[in-house]
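What Swiss-Prot says about this protein:
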DISULFID  Cys4-Cys26  disulfide bond
DISULFID  Cys11-Cys34  disulfide bond
DISULFID  Cys15-Cys36  disulfide bond
Amino acid sequence: GYGCPFNQYQCHSHCKGIRGYKGGYCKGAFKQTCKCY
């Protein structure tokens, strides 16, 4: 979700908008999960 697996930037900006998170990346076998950090 959130742009994954094709648009990692969308995932990153989604996570950046959540308080306490710096950004995000696509994880999983097929990079289909947006993981915030």
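The chain as shown is numbered from 1 upward.
Note that Cβ sites are derived from N, Cα and C of the backbone, with glycine treated the same way.
Residue environment of Cys26 (disulfide bond) contains 21 other Cβ atoms, counted within 10 Å of its Cβ in all protein chains.
Using a 10 Å Cβ-Cβ cutoff, Cys4 (disulfide bond) registers 21 neighbours. Taking all protein chains in view, 22 other C-beta atoms sit within 10 angstroms of the C-beta of Cys34 (disulfide bond). When the alpha carbons of Cys26 (disulfide bond) and Cys36 (disulfide bond) are compared, the span between them is 9 angstrom. Rounded to the nearest whole angstrom, the C-alpha distance between Cys4 (disulfide bond) and Cys36 (disulfide bond) is 12. For Cys36 (disulfide bond), applying a Cβ distance below 8 Å and a minimum sequence separation of six or more within one chain yields His14, Cys15, Ile18, Tyr21, Gly23, Gly24. Of all Cβ atoms in the shown protein chains, 24 besides its own fall within 10 Å of the Cβ of Cys11 (disulfide bond).
Under the DSSP three-state reduction, Cys36 (disulfide bond) is assigned to strand.
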